[in-house]
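The following features are taken from TrEMBL:
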type	residues	note
DOMAIN	1-120	domain 'Major facilitator superfamily (MFS) profile'
TRANSMEM	24-54	transmembrane segment
TRANSMEM	66-86	transmembrane segment
TRANSMEM	98-116	transmembrane segment
Amino acid sequence: MALSLLVVSISFYLKEYISPDSDLYATLSLVSVAGVVVMVIAFSLGLGAMPWIIMSEILPINTKGLAGSFATLANLFFSWLVTLTANLLLDWSSGGTFTIYTAVCVFTAGFVVIWVPETKGKTLEEIQQFFR
């Protein structure tokens with residue numbers, strides 16, 4: 001996701017210095033669209049399902065309903081926040097908007113690598129012990 005968003009942001013930055021009549025301008029427009037499509041596919045295959053996967057694996061049975069509802073609410077709230085602010089950010093700077101999104105993706109990847117535990121082959125009790 002971060003790489004595709006980086007490609008989109010670079011193409012928007014480059015478009016500021018190229019004439020709209022140029023063939024390179026049209027190519028950069030296609031690169032931008034392709035980058036967004038790749039990002040959406042990568043999000044759908046990876047990070048998009050992550051909140052539901054993590055909460056199904058790490059939450060104890062007795063709090064799964066309440067905590068799962070809170071996790072879903074937080075996920076939908078942040079999706080709404082990105083949707084709300086996207087047009088404002090794009091009016092400010094298209095390249096800057098996708099640079100911010102790239103930075104958030106890099107931060108998220110770092111967060112997952114550092115703080116999200118591997119649960120493959122572990123029982124629910126072993127996973128819960130990790131969080132104590």
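The backbone N, Cα and C atoms fix where each Cβ goes, glycine too.
Unlike curated records, TrEMBL annotations are generated automatically.
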Taken over the domain 'Major facilitator superfamily (MFS) profile' (1-120), the predicted model's pLDDT averages 91
Outside the transmembrane segment (24-54), at least 6 residues beyond either end, the same-chain residues with a Cβ under 8 Å of its Cβ set are 1, 4-5, 7-8, 11-12, 14-15, 18, 71-72, 74-75, 108, 112, 116
Same-chain residues at least 6 beyond the ends of the transmembrane segment (66-86) with CB under 8 Å of its CB atoms are 51-52, 54-56, 59, 97
Across the domain 'Major facilitator superfamily (MFS) profile' (1-120), DSSP labelling yields 103 helix, 0 strand, 17 coil
